[in-house]
Structures are given as C-alpha cells and as structure tokens.
Amino acid sequence: MSKLIAFDQEAREGLQKGVDALADAVKVTLGPRGRNVVLDKAFGGPTVTNDGVTIARDIDLEDPFENLGAQLVKSVAIKTNDIAGDGTTTATLLAQALVNEGLRTVAAGANPIAVNRGIAKGTERVVELLRELAQPVADNAAIANVATVSSRDEKIGAMVADAFDKVGKDGVVTVEESQSIEDESIVTEGVSFDKGYLSPYFVTDQETGHAELENPLILLVREKISSLPDFLPVLEKVANSGKPLLIVAEDIEGEPLQMLVLNAIRKSLKVAAVKSPYFGDRRSAFMDDLAIVTGGTVIDSELGHKLSETTLEQLGSARRVNITKEETVLVDGAGSAEAVEERRNQIRNDIERTDSSWDKEKFEERLAKLSGGVAVIRAGGATETEVNERKLRIEDAINAARAAGQEGVIAGGGSVLVQIADEIEELSRKEEGDEGIGLRSLARALRRPAYWIADNAGLDGAVVVSKIAEQPNGSGFNAATLEYGNLLEQGIIDPVKVTHSAVVNATSVARMVLTTETAVVDKPAAPAGQAGAHAGHAHAH
C-alpha cells in the first residue's frame, strides 16, 4: 500500500491537531459540573457517558496524520485506565496541555531533546511530591468520599464503600446490570484468580474490555489442550447445549485456540479461555479447589480421564463469570456449600500441620480465595442507555476506591497539581537553557486540570487557578459548591495512584510527540467512482 509522509513541523502539526480533537471531546466531562458526551453506536442505542476512556476508545479521525495524534493520546487514557482504573480524563488533558506547551517552545527554537530532559526530570519530582503528600485511607468514610468524587454520586459512593467494607480492601467487587430501576448490592460466594483471557477476541463488552459469561459451563483441564481431535467432541456437546463456555487449563494452543477464537468471532459459541494460575503442586491444588466451587471435575489424564470422552456432567458451572485482561472472577459456583466448607476445613488442617512458613502462606492464600465472597453491585436504570452509563460510573468508583487503598489519597479538584506546579516552576529557575523550558512547560500543563474543572463549572479558570495557588496544602476549589476550603475535610479527594499514573502516562506520550520528526501513514483509498481524483481529495468519507 502507498504511504504518505510528513516531515518536521508539518508532521508535528498533524499530530497536534489529532491530540486536540480527542482531548477537546474528553475534557468537557471533567469535574463535578462536567457535561456528558453522546456516542453513536453501530448496534443498539447511543451511549451517554462522562467516562474519559470510553469516549477516547470511540474516536477515530478521518485525516490519517491527525488520527495518529488521536491514537497516541488515546493510548494515554487506556494505559491509565489499565493501571489505575480511573483518571483517564485528567491524563488526556495533561497530555494535550504538555504537547501544546512543548510544541510551542520547540517552534520558538528550543531544543526538543533538552526540553524532553526537563519534562522527565520534572515528572520524577511530581511523583515524589505526590507520594510525600499522600494521606492513608483511614476509614470507610474516606473510601466513600473517593468513590463519590469519581462517580459524582453519593449513593454510588456509599454502595462501593459498603461493598469493600464487607469483602475487605483486597476483596473482589464487581458490577453487573440490574433487572430493576434501582441499584442494589449483594455479597455472594465467589472465587477470583490472577489470570486473564487468552485472546482479546473473547471480549464481550468492548467498552469495558471484559469478557462476561452468564450461567456458563466450566471445563477444567489439568494439562495443555493442543489436540483438536481430542478437543472437538466436548466443544460440540457444549455448542449443542446452547450455553456459554469457560475453559481453564494449563494452556490452550494451536488449533484448539484457533477454533475457539473462530467461534467467538462468528458468535456461534460464547466462549472464553484462561490459563490456570500458579505452578506445580499449587496449580494442581487450586484446580481441585475450582472443581469443588463449580461442581465440576478436573480432566486429568493421570487419573484416566480422556478429554475426547468428557461429558457435560463433568463440567462445572457458575451464575456468572467476569474476565479482564489480568483477572478472572467466578460468581456463585454450582458446587455444594457442604463440599466447599469441607475443602476449607481440609486447608485449615494443612495450615496447622505445616512447619514451612512459605507453605503456610500459600495455604492461607487458598483459604482466603475460598472464603472471601464477591460483592456484586447491580446498576439500575429506566433504559438500557441509563443502565450502561451508570455501570461505567460504578466501575470508575470501584477502581478509584481500590487505588486509594493502595497508595493513599490527596486533596482533589486538581488543587495539588496546581501547588506542585509552583514548585516545578521554582525548580526551572535553577536549570539553565532548554531543560528549564521543559520544566516550565510541565508546570503550565499541571495547572490545566484545575483550569478546566473551573471552566466546566462556568467560572474563569485562570482566576480560580491563581487562587488555588494561594491556598495551603490540602485546600483548594470545590467545584460542586463553588467555594474554596479544606478539600480533605470536605471529602474532595483523589487517589494518589490515579493522579501519578495520569501524570506519568501523559508526559510519556507528550515527550514522544515533541521528538517526532517524521510521520508515515497509509494513503487513504479513493472513494468509489473517484479513483482518478486528486490525492488531496482521497480521504475516505
């Protein structure tokens, strides 16, 4: 395929326009008075959301050079979401601000490599300061505040805090759609483990990137699955049953994996496959745990089982399975409560008998997985659009609450970044040349989230930012009440993990854009009937 190439300023301008287009669509959602964005969908009704990463994922631009810029800043939102689960709008906005500030200085003659060094140096200092300012999450009220700020809904905040209170800060909290108008929360039996889907083709919800299976059959296999003739009979039996299928095995490779992916793409069978966690004896023991929880049998050739002769009766099941890129959660396995309790007692006996502290720790981990319930929050609403929008907000709240428990919290509303910006500005005065310019560019970018939170609230962002800079640490601007005060006391708080992930990911992409000299894209195909048209009109419409 023919390529289009842009150099120097032309390449950077194309990228900048794409960055601006995507970031401008996302930043209207920032803050408690931010607006919604409506996304048109090829199937079903439109999606109404204020979730930054959902909006970013939906945007592709017609101009190929501008689209490169949009995809770069989209990666900031997606990576921040993957690491912290929230803060995607802040990350997108920071990337835009830093790209614009940096390109302005480069156009004025600054050395982009030196500017980059300054930005990198400043980013390290920002992360240090964020961690120094972090306050530990002391109680359930703090979790509720974090979840409320993330979702903009006190009821969601309270439900999320209550869910974590019931299952513990390391417990599993998941979200699903409710059959009623009201939200509801339950704690149910469940097991989670740190393995995600083997192929992204198994994803059923493109917005969240999750594979969700309702009432699936569960095939547990001790060894690798690599022979299609052995695998096909059980796959056909499941297909005839009309139920979804989850496969947990040491690995699935070659033709069997290709067959599963093909079925998923054609939607002829709703299926997902994950590797079994751990190694050796631990893997084997955990597979036995799963068999008891799901009411299934582990297919094991050493015990005389043949995969090709597996019956539906040997498969386990669960009410629901949710799989992300990194984790699998089984809710309400079909195994009997008596069998599960018997297994727990067996593990408790193993803990008492062992002299090895390492073995004891691993037994306790297994016991925790079998004992810890899964909190399920069900998103309610009058319409499918409302339910989906609420589901996204609950997911953000859950992720923010979990992040807060990991690295602590800081005052929210972008206020801490404004105050840190002043310190970075001070640092820039000690640096000579273009590294100092890079530090100043970073300082200006750090003030933009607070600026846009104020702007979305109908106020002059520049005036609000200057007033925030005068506030003591922990204080700032509350866009919900339009007042200045102690944000920590008012419960306007952000998780440190979310803010620091946003800063690190935004600066990483901005630095790439600043040092770009050439952009290469596929030449757009001419629309039908215009094959001989001028290349300038060859963009796809």
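Along the chain as shown, residues are numbered 1 onward.
Backbone N, Cα and C define each Cβ position, glycine as well.
These features come from Swiss-Prot:
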BINDING   THR29, LEU30, GLY31, PRO32, ASP86, GLY87, THR88, THR89, THR90, GLY413, ASN478, ALA479, ALA480, ASP494  ATP binding site
Across all the protein chains here, work out how many other Cβ atoms are within 10 Å of the Cβ of THR88 (ATP binding site).
31
Give the helix, strand or coil assignment DSSP yields for ASP86 (ATP binding site).
coil
Cβ contacts of THR29 (ATP binding site) (under 8 Å, same chain, 6 or more positions away):
ARG35, ASN36, VAL37, THR49, ASN50, ASP51, GLY52, ILE55, THR89
If you count, for each of the binding-site residues ASP86, ALA480, the other Cβ atoms lying within 10 Å of its Cβ, which residue has the minimum?
ALA480
Mapped DSSP class for ALA480 (ATP binding site), helix or strand or coil:
coil
Comparing the binding-site residues THR90, ASN478, which residue's C-beta has the most other C-beta atoms within 10 angstroms in this structure?
THR90
If you measure every Cα to Cα distance among THR29, LEU30, GLY31, PRO32, ASP86, GLY87, THR88, THR89, THR90, GLY413, ASN478, ALA479, ALA480, ASP494, the residues said to bind ATP, what is the biggest one in Å?
20
Give the sequence-ordered list of residues that share a chain with GLY31 (ATP binding site), lie 6 or more positions from it, and have CB atoms under 8 Å from its CB.
GLY413, TRP452, ILE453, ALA454, ASN456, ALA457, ALA479
